[in-house]
Amino acid sequence: MRSMRLREEESPGPSHTASCLCGSAPCILCGCCPSSRNSTVTRLVFTTFLFLGVLVSIIMLSPGVESQLYKLPWVCEEGAGTPIVLQGHIDCGSLLGYRAVYRMCFSTAAFFFLFTLLMICVRSSQDPRAAIQNGFWFFKFLVLVGITVGAFYIPDGSFSNIWFYFGVVGSFLFILIQLVLLIDFAHSWNQRWLGKAEECGSRAWYAGLFFFTLLFYSLSIAAVALLFIYYTQPGTCYEGKVFISLNLTLCFCVSIVAVLPKVQDAQPNSGLLQASVITLYTMFVTWLALSNVPDQKCNPHLPTPLSNETVLAGPEGYETQWWDAPSIVGLIVFILCTLFISLRSSDHRQVNSLMQTEECPPILEATQQQQQQVVACEGRAFDNEQDGVTYSYSFFHFCLVLASLHIMMTLTNWYKPGETRKMISTWTAVWVKICASWAGLLLYLWTLVAPLLLPNRDFN
């Protein structure tokens with residue numbers, strides 16, 4: 001009888017499964033991370049929702065799926081079902097795939113924006129709204145599915161053109177968030193390795209910092225050379241030459257400022273490692289910008305028309321155009337940055353204040369360690385937000401809104417739906433990315449000179 005009772009207690013029944021679907025986040029990932037924090041598990045599950053939308057968007061760009069999208073009401077047909085004959089580089093099949101991505105990303109952005117409004121000013125897990133944030137996952141998934149289904153029945157009209165500009169603004173802001181996280185990562189990396197070098201008295205840590213600094217600068221120089229080779233031509237492509245040269249000059253100036261004696265006195269942990277990381281990221285954003293130049297002579301990624309003949313819109317004979325190198329690398333960086341937002345709080349108060357996260361106080365951390373030891377044997381995550389939230393629920397969802405808009409622009413190569421119902425590359429995308437690179441360099445420069453300009457404030 002005793003063994004039967006033990007088996008009944010160990011085996012999860014239907015009620016346990018229902019509680020995992022409708023209950024709180026601790027039971028969602030209890031099998032693979034039993035001692036995780038409730039706040040971390042919740043962010044991971046919401047991020048999984050976003051990645052699910054990204055996966056669906058990628059699937060919708062495949063030719064086999066695009067051919068089925070003709071059955072939807074916003075397909076490339078005019079009047080009484082006459083197919084449109086498109087003049088240009090992107091045919092109707094890819095247009096359908098891009099339109100599908102617009103609607104899929106609209107649904108995820110709307111879903112997270114709803115939670116952005118709903119979770120404003122939640123202070124602890126004792127707030128009734130925190131139960132919605134950390135639980136009811138099955139119903140939240142149904143809400144996301146419902147919004148997605150409704151988005152695919154939005155009449156086209158001016159929807160794609162208007163949503164394009166939402167994507168431009170959101171992607172610009174998300175690029176800046178990426179840079180903030182990158183600056184914080186570089187500072188933390190440099191600080192930790194310098195600390196270990198002082199503790200161990202070993203020069204290996206200094207050698208490691210020197211190696212990675214040299215590696216990042218070498219990659220940046222190689223990137224500049226490749227950009228000049230592939231994205232400029234003699235006697236033309238003046239905009240690309242100016243962008244590459246200007247960003248290279250700005251990166252050089254920022255690197256010089258990072259090692260100035262006064263900056264080193266104000267910030268002993270400042271150095272060339274952070275500057276090299278920022279330089280490489282700036283060259284990456286410059287590459288993304290030049291890949292959107294709407295001039296075929298200056299952009300090898302633009303599809304080349306095979307002939308002067310018109311292309312009949314239809315499921316046969318088209319090719320999806322987003323699988324180029326900038327889009328793939330941008331997708332990888334997006335995934336890493338989104339996971340970074342979900343998993344990590346910064347070691348610096350200024351970044352935590354900007355990103356609306358909090359460092360764990362020592363007393364609260366000790367209490368959480370005791371809770372972790374108690375619940376580790378129970379096979380579930382523990383609530384670490386009873387006394388206060390560790391991140392802003394609302395701002396986290398707003399970051400996912402921006403992430404949805406950014407991935408929409410990445411998957412569609414920043415092509416704008418034109419008046420002739422063809423996807424065209426525009427200078428808007430180029431200027432947005434170039435301005436984002438300049439804003440990022442300005443932000444990093446501010447982190448270097450702020451202690452000198454505001455000596456009475458604590459920037460440690």
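Every residue gets a Cβ built from N, Cα and C, even glycine.
As annotated by TrEMBL, transmembrane segment applies to 44-65, 100-122, 134-154, 160-183, 204-230, 242-260, 272-290, 325-343, 390-409, 429-454.
Contact between the transmembrane segment (100-122) and the transmembrane segment (429-454) is absent: fewer than three CB pairs lie under 8 Å, with pairs separated by 6 or more positions in sequence. A contact links the transmembrane segment (204-230) to the transmembrane segment (272-290), because at least 3 Cβ pairs that are 6 or more residues apart lie under 8 A. Outside the transmembrane segment (429-454), and at least 6 residues removed from its termini, the chain residues within Cβ reach (under 8 Å) are 168, 171-172, 175-176, 179-180, 183, 187, 239, 243, 247, 250-251, 254, 257-258, 262-263, 266-267, 270, 274-275, 278, 281-282, 285-286, 288-290, 292-293, 409, 414, 416. Among 134-154, 272-290, 325-343, 390-409, 272-290 has the largest number of CB pairs under 8 A with the transmembrane segment (242-260). Residues 175, 178-179, 182-183, 185-187, 189-190, 209, 212-213, 216-217, 219-220, 223-224, 227, 231, 240, 243-244, 247, 250-251, 254-255, 258-259, 298-299, 326, 329-330, 333, 429-431, 433-434, 436-437, 440-441, 444 of the same chain lie 6 or more positions beyond the ends of the transmembrane segment (272-290) yet place their CB under 8 Å from a CB of it.
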